[in-house]
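> Here's the feature list from TrEMBL:
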- 48-83: region 'Disordered' (REGION)
- 51-63: compositional bias 'Pro residues' (COMPBIAS)
- 65-78: compositional bias 'Low complexity' (COMPBIAS)
- GLU217: active site, proton donor (ACT_SITE)
- ASP362: active site (ACT_SITE)
- GLU466: active site, proton donor (ACT_SITE)
- GLU485: active site (ACT_SITE)
Amino acid sequence: MQWRALVLGLLLLRLGLHGALWLVFGLGPSMGFYQRFPLSFGFPRLTGPGGPAPGPAEPPGGPAGPAWRRPGPGAAGRAPRRRPGVCGPAHWGAVLGGRGGGPDEYERRYSGAFPPQLRARMRDLARGMFVFGYDNYMAHAFPQDELNPIDCGGRGPDRGDPSNLNINDVLGNYSLTLVDALDTLAIMGNASEFQKAVKLVINTVSFDKDSTVQVFEATIRVLGSLLSAHRIITDAKQPFGDMTIKDYDNELLHMAHDLAVRLLPAFENTKTGIPYPRVNLKTGVPPDSNNETCTAGAGSLLVEFGMLSRLLGDSTFEWVARRAVKALWSLRSSGTGLLGNVVNIQTGHWVGKQSGLGAGLDSFYEYLLKSYILFGEKEDLDMFNAAYHSIQSYLRRGREACNEGEGDPPLYVNVDMFSGRLMNTWMDSLQAFFPGLQVLIGDVEDAICLHAFYYAIWKRYGALPERYNWQLQAPDVFFYPLRPELVESTYLLYQATKNPFYLHVGMDILQSLEKYTKVK
């Protein structure tokens, strides 16, 4: 495709200038994010506002701090460098210098940087890690929701402490790990275990449970997995091998329907159309339910609910999910176009006014674009493009281009949704999804630069801390709960560029997981 060839041509040019630095970038001894960012660890500190680089006694960035702390230009200032996904002929002509470079040429030239034997070894390592986790869950935890890796036993909802939301929001007493693993079994090519697991789910899993779960978690993990497995079984092309099941009668689709019907009460008796955050699968919305919900949780249901509606021929599910998205969208700031992270579902009042790319907002943006890709509804793309423009205008700080010009490297910060003023100096690990989303919209250049920021943190710690303070250059919250966002962005950047650098990133991540997160 022409788009892909252009992107690959861009990466050819960039490799000539920065390829060696990229390899150094992954190996350097230090990491300074007040430093110039043409992709290594050991570059000199950035000049503070109006002065030379600070000495050891000064805080990073000088007394006024780095430019990231200064307000963004807003709607009247810097607009996005180009419309999302659109690069004019003049832009590409200047970048490519009139030279072509198709995917085949790029593969021939750079495939030696990550030889097929190493690729096969890493693929086998990934498969082995999955099998290790899956087999031990089945041996030590099934039919409970997940394996407690410290006690080597199963666990489900915390019945003794209903306020333990970290557990109870996710674990619904419905063999969550088995359901969640169905599509992965198929993608791994394990037809016999996939077919066995599907039959086990059909015969043993029920949603008629006195479990109060988070609507968002039940949707993305359980509903999404049931629909994915159903699609894999019924796909005429069978891309992962023969995953068909004899006498399959759409049981997984019926189970998905049953679960979604049990989630529907969350959308009732809400004045805004924004759903309650939690629902009891047997009795509906709890009497003491919270009227506050996060934007991501309420606005990230459309992919699964929309797919269910289209498979069933029943518009109810897509309609309620779309109503929630439109309700949230209508509450955005008229001045900045930004949304907050926590809203009251009855009044529409913003309880949390922080606007960023991390917790509370991340998947709202993701689902706008992915819903458009999946369903082709133009209003989803229109909302995403408007949101992306506001993000670029108010959240993005630093120099215009990733590897050119003066000033700090680009970074996306947390701001007040109404004023655009900086609210804090941390980013959280969920933000690492954003480079992948930028790839999908076509802003590959910015995605490359932002991904490098997160990967540098990973290289320093062997994981992404849950929250990282970019001013102090240190973690604020220290744990890493196996989040996949950086992996997805790495995968999408590799698919867009075929740059073997991203295979090396994938290998680093696999080896870190194997080294730091595996127990007996």
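Note: Cβ is positioned from N, Cα and C throughout, glycine not excepted.
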> Could you state the whole-number distance in Å separating the C-alpha atoms of GLU485 (active site) and ASP362 (active site)?
10
> Fewest other C-beta atoms within 10 angstroms of its own C-beta: which of the active-site residues GLU217, ASP362, GLU485 fits that?
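Sparsest of the active-site residues GLU217, ASP362, GLU485 by Cβ contacts within 10 Å: GLU217.
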> What are the non-local neighbours of GLU466 (active site, proton donor), defined as same-chain residues 6+ apart in sequence with CB under 8 A from its CB?
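Looking at Cβ-Cβ distances below 8 Å from GLU466 (active site, proton donor), excluding near sequence neighbours, one finds ASP428, SER429, PRO475, VAL477, PHE478, PHE479, TYR480, PRO481.
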> Which whole-number value in Å describes the distance between the Cα atoms of ASP362 (active site) and GLU217 (active site, proton donor)?
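Answer for this pair: 14 Å between alpha carbons.
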